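Taken straight from TrEMBL:
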DOMAIN    110-301  domain 'Glycosyltransferase 2-like'
TRANSMEM  26-44  transmembrane segment
TRANSMEM  56-78  transmembrane segment
TRANSMEM  410-430  transmembrane segment
TRANSMEM  450-467  transmembrane segment
TRANSMEM  479-499  transmembrane segment
TRANSMEM  519-543  transmembrane segment
TRANSMEM  550-571  transmembrane segment
Amino acid sequence: MQTPYFHQFYDREPPVFAPISSRRRLIWQLFAGLTLGLGTWYIVWRWQHSINAEALLFSCTVALCETLALVGSALFFYDIWDEGDTEPVPIAQKQTRGANLDGRRTTVDVFITTFDEAEEIVAATILAAKKVNVASFIDYKVYLLDDGNRIGMSVLAKKHEVGYFARTDNRGFKAGNLANAIFKTDGDFFIVCDADTQLMPSFLSNTLGYLEDQKVSWVQTPHWFYDLPEGRTWRDIFQVRMGAFSRFLPRFARFLTGTDAFGKDHFLSNASLFFDVIQRRRNRNGASFCCGAASIHRREAVMENALIEKGKKIGEICKASRNASALNISPRIDLKPFEYHVSEDILTSIQAHSNGWRSVFHPQVEAKMLSPWTASAWAIQRLKYAGGTFDILLNANPIFEKGMSVKVKLHYLATFWSYLSVFFFAVLMFAPVWSLVSGTAPVQAYSLEFFAHLIPVLVCNEIAMLASCKGYSHNCARVLAVGTIAIQMRAFFLVLLGRRPKFPPTPKVPSAVQDIRHALPSIAFLIIFFASVLWGGVALLLGLDGYSPFFVLINGFWILWSSTALIRMIYATSFCPTLRLTTQKIE
């Protein structure tokens, strides 16, 4: 029988995420401050002295987008300003306080959600859950939550002696699946796993202690994708083929592709930057949000939050309709431990933070997962993220909600702003195209004074990000910002038109063929870029008004920068990693 593809990655060890050093923190915060100070200086000068009166609308639009980008930088810098790890709490020798005041044993449930995932993936997850180290005072149970209502899953659960719950209506999708299990169990705490989330033996030992704090609703751990392709380093490739040029070409290839190896993490799925930098630093204000899998929750907090939210909805209906009765309305409104939403994790996090609960981010890996290996899986995942976030922003915005502290609100505002930035980022990306087509610049002149104001901002920002990201490539985030513009735009307008996001589970199985459809927007953008540069060159040769060698060179440079990211995404959506498949017996 053929071994599942992911078995070949079982020997990989998870990374250890060290805290930021004092020296790196000092450099990061110094240059972050300089970036914001110089950025403000540049923006003020830009509006006062650099608006092109001959192309007023174009110039003001670009200046406005630059201003919004600076606001986004300020919010992002606040989001990741400093780490604030919660002190680890070992599990008590006898019993964890809070859930056991009446003398009962602590009870922990594990919920493994599945819909259409392959049996071998789910089986591996069940086996890992059963290997978790459990203290003697804890009652620990594993449940398989099958939203696909499949006979094979029922047999699998029986084979491994775990609980099994199935549904036929899929109401609420994953959130409804979890709610169904919560109402049928009574554990003091529960762990959420996706079908591919393999818990490590230390998961419970290293997370349950945080819940000694009675105001902590959940503990989130990092997502580690253990199956990311490693690829072949650019240095190895070019040393064989290019000889003396091999000293320089690997650096250029890394800049062009956003990775240091051909075929490595082709979809830029490595989540270390997000978890070790963003989530870890949000924790200083108790504002890290739940990411679903690999998290442990306090049942009391989840149910209290569900009751509060249901009460709010009943109150809103009664207020809108004078004839409405709470007693008549209540049975018609579901009690939702997790909101029925494609981004149920972050939406429920917002509600919990608004209702006075705190969260903890445990900085070390305690579970491993599978990454998307196909263009379709990657696109579905990105569309989920963007669609869910935009839907929350437009229909359940927490910024003006009562109960949430200003510090926590700013963290969520940073998240929403990062998704909204797709609009002004798109304007800035296509501004050079319009300049080359129309012969007009968004600035009064590409003068020495202009670059004297702009370049210090860019240099300080680059140094700040290099220091802040602890060695992770921040170019990956830039590549994704460019490469996912079409996906994020689509997600926004789907939500704006009232088409609430409903997406299938992310496929977990590799494919020998990629879907080129997902590269079409990037290809179209590249064609537009190339055509604009070509036209700029022709206009320069013809001596048309407004075109100078420096004008064409500057705009061509910015187009080249954006093109590298587009090329990277085209490469990702057309690349098929090589898998080593064997035929051995699966235990």
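Along the chain as shown, the residues are counted starting at 1.
Cβ coordinates are placed from backbone N, Cα and C, and glycine is handled just like the others.
TrEMBL does not curate its annotations; it predicts them automatically.
The model shown is predicted, which means the values in this text are computed figures rather than measured ones.
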Contact call for the transmembrane segment (450-467) against the transmembrane segment (519-543), three or more Cβ pairs under 8 Å: no
Same-chain residues near the transmembrane segment (519-543), Cβ under 8 Å, at least 6 residues beyond its ends: 375, 430, 432-433, 436-437, 439, 483, 485-487, 549, 551-552, 555-556, 559, 562-563, 566-567, 569-570, 573-574
Mean per-residue pLDDT computed across the domain 'Glycosyltransferase 2-like' (110-301): 89
Sequence-remote partners of the transmembrane segment (410-430) [C-beta within less than 8 Å, at least six residues beyond its ends]: 61-62, 64-66, 68-69, 71-72, 75-76, 78-79, 282, 285, 287, 289, 346, 350, 386, 389-390, 392-393, 397-399, 404, 481-482, 484-485, 488-489, 492, 528, 562
